[in-house]
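Over in Swiss-Prot, the protein carries these features:
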type: BINDING; residues: His136, His185; note: Cu cation Z2 binding site
type: BINDING; residues: His137, His432; note: Cu cation Z3 binding site
type: BINDING; residues: Tyr262, Glu265, Met273, Asp279, Ser324; note: Ca(2+) 2 binding site
type: BINDING; residues: His326, His381; note: Cu cation Z1 binding site
type: BINDING; residues: Lys453, Glu468; note: Ca(2+) 1 binding site
type: BINDING; residues: His493; note: Cu cation Z4 binding site
type: BINDING; residues: His582, Cys617, Cys621, Met628; note: Cu cation A1 binding site
type: BINDING; residues: Cys617, Trp619, Cys621, His625; note: Cu cation A2 binding site
type: REGION; residues: 541-639; note: region 'COX2-like'
type: SIGNAL; residues: 1-44; note: signal peptide
Amino acid sequence: MTEETRKSQLSRRQLLGTSAFVAAAGASGLGGALLAGSSETALAAGAAKGGMSPEVKPGELDEYYVFFSSGQCGEVRIVGLPSMRELMRIPVFNRDSATGWGLTNESRKVLTEGLLPQDREFLKDRGDIFLNGDLHHPHPSFTDGTYDGRYLYANDKANTRVCRIRLDVMKCDKIIQLPNQHTVHGLRVQKYPKTGYVFCNGEDRVPIPNDGSHLNDVKQYHAIFTAVDGETMKVAWQVMVDGNLDNVDCDYQGKYAFSTCYNSEEGTTLAEMMSSEQDWIVVFNLKRIEEAVANGDFKEMNGVPVIDGRHGSKYTRYIPVPNSPHGINTAPDGIHVVANGKLSPTVTVFDVRKFDDLFDDKIKPRDAVVAEPELGLGPLHTAYDDKGNAYTTLFIDSQICKWNIEDAKRAFKGEKVDPIRQKLDVHYQPGHNHSSMGQTKEVDGKWLISLNKFSKDRYLNVGPLKPENDQLIDISGDKMVIVHDGPSFAEPHDATIVHRSKINPVSFWSREDPFFADAVAQAKADGLDLMEANEVVRDGNKVRVYMTSSAPAFGLTEFTVQQDDEVTVYVTNIDEIEDLTHGFAIVNYGVNMEVAPQATASVTFKASKPGVWWYYCSWFCHAMHMEMQGRMLVEPKKA
C-alpha cells in the first residue's frame, strides 16, 4: 500500500477492531447514544421553533411526491411529502390482488414479453411469470439535469430485471430481463442531455454462459455493467468488469458513469471478499464505449454487444478506495461525486472534471480524489442540500452526518479545518437517505428522509416482524431537526423526492392508450367497439365475453359458457367521472381486476367448474355497489 493511500484511510483492521463493541450496540439501536460526542437528538418540537412542519391540513396537498422502493414486496409506493402519507402503490414485480396485476392479460404481457428464452422455458410449469421480485432504486427520467416527468425506472435484484413506470398513469408498462448479468443491484439514469441510458450494476459474478459448464472455476466468473435504452427498453451495450459491482451514478455532463465495487479479491466467501485493504470504483467512458460498439470492438453474447472493461481497458478506469465501498452519489453542483466507505469510516470525494485527464493517462487514478473525510462508522449513502453540504448515513453509529464538501477538500490538503457540521441520531441504523430534489441540479435544501432499517421501540409492538422507520428531517436551517417518524412495510431500499411541479398524471385513460391496445384490436377483429359491446363471441372452445361497466351496472347481467372453455372477459369502464374505478371479480374463480375510468381490462381463465358463479364490482363505486353484479353460468360437460 502506498504512503499516499495509507495516510488517507483507516485500515479495515483498525475499523473492525475499534468498532466491535459499537457495532453490537448499533444492532441494539443504541449506537448513536453511545457515541453522543458531537451528536444531537432533535425531536419534532423543533418545528415549533420556527422550522418547517410536516403537517398538511385536510384538503391541502403535499409539495412533493416520494417514490419509495419496497424491496422484497416488489412494488413502488408513492408517498406525499411532508405529510409522509402513503398515496398509492404501483405493482411491478409482484402479484397484486387489488388491481389484478399478474393476472390480467395486460399485466401478464408486461411481465412476460421481456423474459429471456431460458427463463421463459423455466417458468412454463410455474405459471409463466416470476411470483416474486426485489425492487430497489426507483429513479425518474431526466432532461438537462432535472426530472422531466416521463418515466420512473427501478431494478429487481431477485430476478435480474429492470422496469419502467409511466408517470402519466402511474403504471408499469415495460419489464425486461438482462442477459449475461446475474442480479441488478445499483440502478441510476442518465441525467444529461436526457434519459437516455439506464445504468444497471450486475452485482454477482457468474460464468458466461451460466449453463453449468464452469460451476467451480471462479476464473470464468464475471460481473456485468449494463446500459439499457430507456426509450426502447432494450439493452444498448454491456461492459465486463473486475470485482462485484454495488451502486452506480453518473455525471451531469453525459460523459461518465461510475460504480462502487467490492470483492476486488474475486472470492466467493465473506472472508475472501474482505481480505484486501482496498477495493475501487469503476469509471465508464460513455463516448469510448459507444465508439467501441460502432467499431465492432466487442463480443456478442446472447445478442448483446459486450465490451471488455477489465483492468487495462481503454473504456474504464479503476480508482482505489478503502475496502467495500457502498453508495455512490453525484452532487448537484455537477462536479463532485462521493463514494461511501461502509467498512471504512471515510467517504471518498472525486472531481469529475479530472476524469478526462484520467482517461488520457495524464494523471494517476488517485489524483481524481479531492477529499476523504472521516465521518463515523458505517457510511452508506450521501445526499445534498443547496449550500454545499452533504448528509451521509452512518449505519453503525445510527446517525446522519452533515459535512461541508469544500471544507473536506481543504482538510484533505492539510488545512486544520473540521468539515463536520452536525451529527444527528436517527432510529435506527440508516441505509439510504435522500434530500428534496437533491439528485438534480434543482436541489432545494428543504427536506431529508432517512430510511432506517430498524424501528425497534418507535411504534406499538406488532410482533416479531416490525416495520422499517422512515424519518423526515428538516434541513432548511443550520441544524437538522427530525419532525416525523413513518413506519413502512418491508423493505424500502431507496426513495426519490420529486417536486410536484415535475409530474402531471392524468385522471382518465385515453382510449388510444397502447396499454390495452391488444383488447381493442381483438374487439375490432370480432367486429365490436369496446365502448359499446356487451356480447359473447364463441370461437371453438375459446369464448370472448365483452361488457361495459357504468356504475352501478355491468353491460351484461349474465353470460353462459361451457365447462373447460377458455374464457376471456373484457370489461370497459365507460364512466367519465374522475376517481370512479370499477372492479370485476368472479366468486370462487380466483379472478379480480381493476378497471379505471375509460380503461379496458381483460382476464383469461379456464371455466373448469360448472355451476352458477356470480361476478361483482369489487371497487365501491356507487350507493348501489352491492347490486352491481351478474351471473356466469357454466354448463357441465355432456356425458
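Cβ coordinates come from backbone N, Cα and C, glycine included.
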Using CB atoms and a 10 A radius, I'd like the single residue among the binding-site residues Cys617, Cys621, Met628 with the highest neighbour count.
Cys617
List the other residues in this chain whose Cβ sits within 8 Å of the Cβ centroid of the Ca(2+) 2 site residues Tyr262, Glu265, Met273, Asp279, Ser324, in sequence order.
Gly243, Asn244, Cys261, Asn263, Ser264, Met274, Ser276, Asn323
Using all protein chains in view, find how many other C-beta atoms are within 10 Å of the C-beta of His432 (Cu cation Z3 binding site).
27
Listing them in sequence order, which of the binding-site residues Tyr262, Asp279, Lys453, His493, Cys621, His625 have their Cα within 10 Å of that of His432 (Cu cation Z3 binding site)?
Lys453, His493
Which of Glu265, Asp279, Glu468 (the binding-site residues) has the most other Cβ atoms within 10 Å?
Asp279
Let me check the 10 A CB neighbour count of His625 (Cu cation A2 binding site). How many other CB atoms are there?
17
Specify the count of other C-beta atoms within 10 Å of the C-beta of His381 (Cu cation Z1 binding site).
25
For His136 (Cu cation Z2 binding site), what residues in its own chain, 6 or more apart in sequence, show a Cβ-Cβ distance under 8 Å?
Ser69, Gly71, Ala154, Asn155, Asp156, Lys157, Val184, His185, Leu187, His493, Asp494
Please give me the CB contact count at 10 A for Ser324 (Ca(2+) 2 binding site), counting all chains in the structure.
22
For the recorded Cu cation A1 site, whose residues are His582, Cys617, Cys621, Met628, find every other residue on that chain with a C-beta no more than 8 angstroms from the centre of their C-beta atoms, and list them by sequence position.
Ser549, Ala551, Pro552, Phe554, Gly583, Tyr616, Ser618, Trp619, Phe620, His622, His625
Pull out the binding-site residues from the set Met273, His326, Trp619 whose C-alpha sits within 10 Å of the C-alpha of His582 (Cu cation A1 binding site).
Trp619
Average model confidence [pLDDT] within the region 'COX2-like' (541-639):
98
Are any of His137, His381, Cys617, Trp619, Cys621, His625 (the binding-site residues) within 10 Å of Tyr262 (Ca(2+) 2 binding site) when you go C-alpha to C-alpha, and if so which?
none
Secondary structure at Glu265 (Ca(2+) 2 binding site), reduced by DSSP to three states:
coil
So, three-state DSSP: helix, strand or coil for Glu468 (Ca(2+) 1 binding site)?
strand
